[in-house]
Structures are given as structure tokens and as C-alpha cells.
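Student: Here it is: the structure, laid out below.
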Amino acid sequence: MKAQMNNLGVKTLQLLNWVFFVVMIAANYLAVALPLNHKTTGQLSDQYPNLFVPAPITFSIWGVIYLLLFWFCVKQSKSMFQRNVDPATGETVRSIGLGFVTTCFLNASWICLWHFEYIAISVVVMVLLLAQLVQINRKIDGIAPALTLGSRVALKAPFGMYLGWICIATIANVTAYLVSWGWTENEVSWASTMVVIGAIVTGIALNLLRNGYLSLSVLWAFTGILIARHQAAEYHRILVWATVFAMLLVVGALAIELLRSLFRKTIIRPFPPQQRTYISQVETSQ
């Protein structure tokens, strides 16, 4: 009976992950297709011009992130329509819990708040989304040694790239909020400082979460800033060099993490005691 309840809990989470993923995609699609509040996401971004905003092409990364999250949803659906849940899938789904559902809700909420120009509240929601993604990546790092290479990539790639992009998006959101209040002083200094801080935070996150994928989104965002500066009427050499320096910091942090992963002993650890108990209960029920 207890094993059946465990199965039901996992299957419920699997279904909720799909439902909220679809809600998130629908919200983002409608925000552009309608568009919400008669303005596209890009038009709203143009209302708060600042030097931290990357070139428009940079935002195409959302397509990659959503495809990777779709891949996660597919992978976590394994044995969803079978009597017993696959042990590795069950551990993954239960470890993440309602974390993915929460990120989907926060993502959809943010796009609505942004379009209706509740900028201050959108910053709060963005910070909550960032915190939730950090928590998910911590949980993934905890269970990763017990998973196959394919399962690890299916978890680390989507949530790592998602986290990296939201790190930069949070800084951009805060900057937009300041601009909405008329703040335009020391733009170059602010943007240059934020770029370097973003790189340092990325390096720390790489060290703590051991997920190199998050650096890819950050490097792409910095590339977008460089493109925007080269396309703008004013070049802002200081910001360009600060961005190049920040990119070197991120590449260095990524190289260190890759070297650490090569020399780190790869030991496939068994699932924790509670998972082993769960597996034995499933086997007994059979």
C-alpha cells in the first residue's frame, strides 16, 4: 500500500510538471501573439533603455531553454503510465518535487507582470524564480552521482542554462526598474560593474553547483551585450572591455570546473536509504 502511495505521488508530480510547463509556454506565446497589454516583450524592453540590455537576437536562447525543459518533461515521464515507477525516475521527480512547477508558475507570472508594467513586483518574482532554480540545481547535484550520464545531462543542461540566463535577466530586470524611476546616472559604470559581478556570481555558482551548462547562457548574454554595443551609436569602450574581461572570467571558471570533473572520481553511488527502501517496497508489491 505504501509503495502504491509513493507511485501515486510521483505520477501526480509528473502530471503537474507537464500541466504547468504547458501553462508557461502558453503564457509566453500569448504575451507575444496577442500581445498582452498591446505591447510585445521587446517593445516593453525598449521603454527602459539601458546599456545592460543585449542585442535582440540574444533572446532567442529562450527557444533553446524551452526545448531543453520539454526534454526534461519527456525524460521525467518514464513509466508514467505503468503500474510501478522507474526507481531512478522516481528519485529524480521526488527530489525536485514541486520545484519545477513553481518555476513555471513564476515564469508565467513574470511575463504577465512585465507586460502590464508592474516592474517592481516583476523584480520580486524574478528573484524568487532565481532562488528556486538555485534550489533545483542543488538538488540535481545531490542526486547526480546515482544517475546515468544521459539522465544527468537531461537534468543539468535545461536547469543549468535556465539558471544562467535568469542570473543575467535578474540584473537586467533590476536595471529596468531603476530606469523606470528615471535613474540614468553612471550608466557605463553601472553596466560594467554588473557585468563583472555577473561573471563572479557565475564562477561561484559553477563551483558550488558543479553545472557547467549555466556558463553557456551567461557567455551568450555577454556576447549579446557586445553585439548591442557594436551596433549602437555610442561604443562605450569601458563597457566593452569589462564585458570581455567578464567573459574571460567565466571561461576560466568553466575550464577549472571541467578540469575538476576530469580528476574527480566518478563513483556511481546507490540511491540514499529512503530510495532503497522505496525500491524494495516496489519489488515486494510485485
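Including glycine, each Cβ sits where the backbone N, Cα and C put it.
For reference, TrEMBL lists these features for the protein:
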TRANSMEM  12-31  transmembrane segment
TRANSMEM  51-74  transmembrane segment
TRANSMEM  95-113  transmembrane segment
TRANSMEM  119-138  transmembrane segment
TRANSMEM  159-182  transmembrane segment
TRANSMEM  188-206  transmembrane segment
TRANSMEM  213-232  transmembrane segment
TRANSMEM  238-259  transmembrane segment
Student: How about the transmembrane segment (188-206) with the transmembrane segment (12-31) - do they touch, taking at least 3 C-beta pairs under 8 Å (6 or more apart in sequence) as contact?
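Tutor: Taking Cβ pairs at least 6 residues apart, the transmembrane segment (12-31) and the transmembrane segment (188-206) are not in contact, as fewer than 3 fall under 8 Å.
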Student: Could you tell me what the rest of the chain brings near the transmembrane segment (119-138), counting residues at least six beyond its ends with Cβ under 8 Å?
Tutor: 48, 96, 99-100, 102-103, 106-107, 109-110, 113, 156, 159-160, 162-163, 166-167, 169-170, 173-174, 176-177, 180, 205, 208-209, 211, 214
Student: Ranking 12-31, 95-113, 159-182 by the number of C-beta pairs under 8 Å to the transmembrane segment (51-74), which range is first?
Tutor: 159-182
